[in-house]
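S.K.: If you look up TrEMBL, you'll see 1-20 marked as region 'Disordered'. Residues annotated as domain 'Aldehyde dehydrogenase' in TrEMBL: 21-444. Look at TrEMBL and you will find Glu228, Cys262 tagged as active site.
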Amino acid sequence: MSVTETGGPTGAVGADAGGPSVAEQVARLRATFRGGRTRDRSWRLRQLGGLERMLTEAEDEFVAALAADLGRPRVEAWMADLAPTVAESRHARRHLRRWMRPHRVGLPLSVQPGSARWVHEPLGVVLVIGPWNYPAYLTLAPLVAAFAAGNCAVVKPSEYAPATAEVLARLLPRYTDPDAVAVVTGGPGETQELLAQGLDHAFFTGSPEVGAKVMAAAAPHLTPVTLELGGKSPVIVAADADVEVAARRIAWTKLMNSGQTCVAPDYLLVDSAVRDELVERLVAETARMRGGAGGGVRIVDARQAARLAGLLADDHGGTVVAGGTIDPEARTGEPTVVLDPRPGSRLLTEEIFGPILPVLTVDGVDAAIAHVNAGPKPLAAYVFTGSSRTAERVTREVPAGATVVNHLMFHVLVPRLPFGGVGRSGSGAYHGRFGFETFSHRRAVLRKPARPDPGIVYPPYDGRTERLLRRIF
Ligand code: NAD
């Protein structure tokens, strides 16, 4: 186990090097929270400002770490990890005053006289468990929400993105209140140990399988959980779609981070009328966007690459029309298109999370909707169509975390939209105001004057008082 000391700008000290234990770290954060300073708006604004400064001043360090962990080029590291985190934080800073405003409410006759309001108050010490695929953004965007809501936070970055975890552990305490944040590095054991502390909220981003374990570990302590999970996000391409644009947008978003994106297009359901044209354009666009580079794109590690190779080695019954080679040793995989794999094959039942794209031919939108609805509710559902009726139908009839019409993934960048799954793709949401609410308790406050204190409400009651009470309550 390695617990990072966050006691000052001197950097990381592991527990094995005599640093504090997980329990000691949590106790320190609890003491900070009890002290009350995190409730002030000015404290919250300073933390958000600190996060933004960290990402700006240390951009090179983050870019280098993301290159080491995931082979990301600078522009992708900036676009997909750093810029959206800064945007999320800026949005929170700008709107915090409004979000924190108390809400006055009227009183029913039975409670008058008096006054009532409800306020958002911080939960206390919260836990953020991050995944490896966007290891800065998906760890820091929940932290933005946690700070905006006035909490102390333990951050547990993914062990599969160790370079980014190291940068976070070293820099977070320098740029934000070191007594309000702790970075604990490690894997399942450390995460379970953190959950055993009975923290005030656990915010998890990762797979549905591990999400279930996190929920189970939180249950004995009644720690509330937000689960940002994954799944198979479908792309329906209708016969009336602009196929050229659809192909370009699908190719781009599937290539991003080599398909290792929770809201990546997982598989396509394409109307038979445009199937051949779409596949042809998709393959051509992918090659063009790679600038003529052959071979595979980078996969995070050999374990994930072996899993992807397993999906292709499976008896899927489809036709590989592009790519097909995954090399676990080199940690690379060719962008691969598999036409019409067998229903029930692993390609159509397991989340792909890599550069493989199964394409199913369907006879119209009805068949596509029926296919999606036969499985768990996806994190995102995409539809390419020229008809707003079709777009509305898919939105209404396919339950999903989000629906995007004629594009993919861009809903993530709208801070005024809630981001989260439904059913097996997750529960709870964040981004913007929704993140602030996730990390807040809505507390009711009722004030009554001591007098008047009409005796009529107190027993014993006779027929007359009962009649009166029935009118008031
Ligand atoms: P993962 O579930 O393997 O790991 C996520 C985190 O859980 C890591 O920090 C890990 O240390 C921890 N963990 C692992 N086993 C644990 C256990 N037994 N108990 C407690 N904690 C444990 O996920 P991953 O491989 O990092 O990410 C890929 C998955 O995450 C995909 O399913 C993807 O769709 C999903 N994802 C979802 C979102 C979203 O916002 N909804 C974003 C990114 C990724």
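In case you wondered, yes, glycine gets a Cβ from its N, Cα and C as well.
TrEMBL does not curate its annotations; it predicts them automatically.
Structural setting of the listed features?
M.R.: Around the Cβ of Glu228 (active site), the number of neighbouring Cβ atoms within 10 Å comes to 26.
Under DSSP, Cys262 (active site) is assigned to coil, being neither helix nor strand in the three-state scheme. Listed in sequence order, Pro131, Asn133, Thr205, Glu228, Leu229, Gly230, Leu379 are the same-chain residues six or more apart from Cys262 (active site) with CB atoms under 8 A from its CB.
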S.K.: Name the secondary structure element type, per DSSP in three states, that contains Glu228 (active site).
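M.R.: Reduced to three states, the DSSP call for Glu228 (active site) is strand.
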